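Undergrad: Please find one structure pasted underneath; my questions will follow.
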C-alpha cells in the first residue's frame with residue numbers, strides 16, 4: 001500500500017499540475033478528489049504546454065489509470081471539450097475513469113453562480129462562474145444529479161425536470177431573469193453522458209484494489225489549502241476541501257491508506273480573486289514578479305495578485321493538511337531582485353502573532369513582519385542540483401524549509417519537467 005497526496009499550500013496556482021505530472025512517472029494510478037473545472041493546471045512536455053481543468057495530470061501516461069473521483073463536480077460539456085482537445089493533440093484517454101458518484105454541473109448552476117455573484121456587488125467572492133458552488137449546494141441539499149443519474153435517460157429527465165422547475169422559479173421571481181429550457185438542456189447533456197459513458201465506473205473500487213495490491217497511487221488536489229471551505233479564508237474560498245483530508249471523502253479511500261502529503265508552494269505567493277492577502281505587493285516589485293512569473297489565471301485569464309512568501313500561511317497549511325514533504329516552485333522568478341523577503345509573523349494591533357486568524361476583520365489589521373535576505377542575479381533556470389544554486393538562492397530555500405518546518409523534497413527553477421530537481425524521493429521509505 002503506497003499513496004501520496006499532492007496539495008496546494010497557498011491560494012492555488014502553486015504548480016501542482018507540474019509536480020503531479022512529475023511524480024506520476026513513478027505512480028500507477030493518479031486521482032483527483034475534489035473541485036471541478038474551476039481549477040486550471042498547466043503541464044509542459046517537451047516544450048509544449050497542455051492546459052487542463054478537469055482531467056487529472058496523469059492522463060499523459062497511457063499506461064497509468066487516471067481517476068476523477070466522487071468528490072469532483074463534473075461539467076460534462078467541459079469534460080467532452082477537454083477530451084476532444086487531448087484527442088486532437090494525439091493524447092489517448094482510454095486510461096480515464098470517472099466516478100459514477102460524482103455530481104454533475106448543469107447550465108442552471110452556472111447561471112445561478114453568475115446571478116449570485118452579481119447580486120453581491122462590492123462583496124463579491126471572485127468566483128470563476130463555473131457553477132462549482134451551486135453544484136456543491138445541490139449536493140449538500142440532496143437534490144444533486146450524479147453521473148449515474150446522467151446515464152439513465154428516465155431518471156435524468158425526471159430529476160432535471162424537478163430541479164429546473166425550482167431553479168427557474170428562483171431565476172424569474174428572485175433575480176428577474178429568464179428561465180432555462182428543459183428540452184435543450186436534456187438533449188445536450190444526455191448526449192454528453194453517452195459520450196463519457198465508457199469511462200464511468202465505481203472508482204472507489206479501482207483505487208482500493210490498487211492500494212491493496214501494493215500499487216503506487218497519487219492523489220491530486222485542486223486549488224489550495226487557503227481556499228479550503230473549512231480551513232481557508234472563508235468566505236473567500238472554494239466550495240470543497242482541497243486539504244489532504246478531502247482525499248478520504250472525495251475518493252472513497254480510508255485515511256489509514258494515506259502515507260505521505262506533498263505540499264506544493266511557490267517561492268512567493270499569488271492569489272486570484274478577492275479575499276485577505278497579508279503579503280500582497282502593490283509596487284514595481286509586485287509588477288515584476290507578475291510579469292516574470294506569468295501570473296495570469298489558467299481558468300480566468302485574470303492577473304493574479306502577488307506577494308512575498310508567507311511562512312504563517314505555510315505553517316497553517318502544514319498543520320491542517322499534515323504535510324510531510326515540501327515542493328518549492330518558481331525560485332527562478334525571484335532572480336534579479338536585490339533583496340527578497342519572507343513573512344515570518346504578523347503584527348496584530350501591536351502584538352506579534354505566528355498563526356493565521358480566522359477573523360477577516362483581524363486579518364485586515366494584520367501587518368506582515370518580514371525577514372530580509374540578499375537576492376541573487378544569476379540565471380538559475382539551468383540549475384540541476386541544490387549545490388548548483390547561487391549561495392543566496394540556496395540560503396533562501398533552506399530558510400523557507402526552516403520556517404515552514406518541513407523538509408523540501410523537490411525544487412523547481414522553471415516550468416519544464418527537466419527543471420524540477422529531486423532532493424529526496426517522496427515514494428521512498430513508504
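Quick reminder: no glycine exception, Cβ is built from N, Cα and C everywhere.
Just so it is clear, the model here is predicted, and its values are computed rather than measured.
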Undergrad: Per Swiss-Prot, which one of 302, 315, 318, 319 shares the IMP site with 13, 14, 15, 16, 38, 39, 40, 41, 128, 142, 223, 238?
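TA: The candidate from 302, 315, 318, 319 that Swiss-Prot ties to IMP along with 13, 14, 15, 16, 38, 39, 40, 41, 128, 142, 223, 238 is 302.
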Undergrad: Pop the Cα-Cα gap between residue 223 (IMP binding site) and residue 413 (GTP binding site) into the table, whole Å please.
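TA: The Cα atom of residue 413 (GTP binding site) is 21 Å away from the Cα atom of residue 223 (IMP binding site).
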Undergrad: Can you tell which of the recorded positions (41, 302, 304) has the fewest other C-beta atoms within 10 angstroms of its C-beta?
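TA: Selected from the recorded positions 41, 302, 304 on minimum Cβ neighbours within 10 Å: 302.
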Undergrad: So what sits near residue 223 (IMP binding site) in its own chain, CB-to-CB under 8 Å and at least six residues off in sequence?
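TA: Expected: 8, 11, 12, 35, 38, 39, 238, 240, 242.
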Undergrad: Which one is closest to residue 42 (GTP binding site) in space, judged by CA to CA distance, out of the binding-site residues 13, 128, 301, 302, 303?
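TA: For residue 42 (GTP binding site), the spatially nearest of the binding-site residues is 13.
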